[in-house]
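As structure tokens, the structure follows; a few thoughts come after it.
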Amino acid sequence: MMSAGANNGSGPCGACKFLRKKCVKGCIFAPYFDPDQGTAHFAAVHKVFGASNASKLLLHIPAHKRLDAVVTLCYEALARVRDPVYGCVGHVFTLQQQVLNLQAELAYIQAHISTLQRLSQPPSQCALNPAQTTINSSSEVPSFTKLASNSNISTHFDQLQVQQASTEMTGFYNPSE
């Protein structure tokens, strides 16, 4: 986006090119809108804010902060062109929703990890809380005959873990649902 524009004699800056006017030395837009891609960016800025308003804004901003202002103007103008109703606010809402979903997923995963860590501790170290380890029905516990007939006990343990975790996780976001 930076360009010497009128300073190096390479022709008009992107803004002056779009406006079809001569780019004079000291053009407020020349350092920020190059002759190539700057024209498209300035077209959006012009459509949304107008050239006069954009130049007045830049003149009232200290020179060392103008690049940030131009980047922001371009971003907001391009967002407004893409979405005339919400502009960049629609993008902000989308990002906020994404943050909320990721926070919920993180809470779910952290709770799941905590449950798995509690279940992997030996019974002597694990402080059992009756409210958390209550089993609702006898069908959730694998019977001794089923355990004895199957040499792979871990499958039954994993099923019990999943059942306990699902009863403890009510209220958390489940990404698989």
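Just so you know, the numbers here start at 1 and follow the chain as drawn.
Yeah, the Cβs are placed from backbone N, Cα and C, and that goes for glycine too.
Residues belonging to the domain 'LOB' (11-113) score a mean pLDDT of 92 in the model. What TrEMBL lists as domain 'LOB' is 11-113.
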Summary of DSSP states over the domain 'LOB' (11-113), given as helix, strand and coil counts: 72 helix, 0 strand, 31 coil
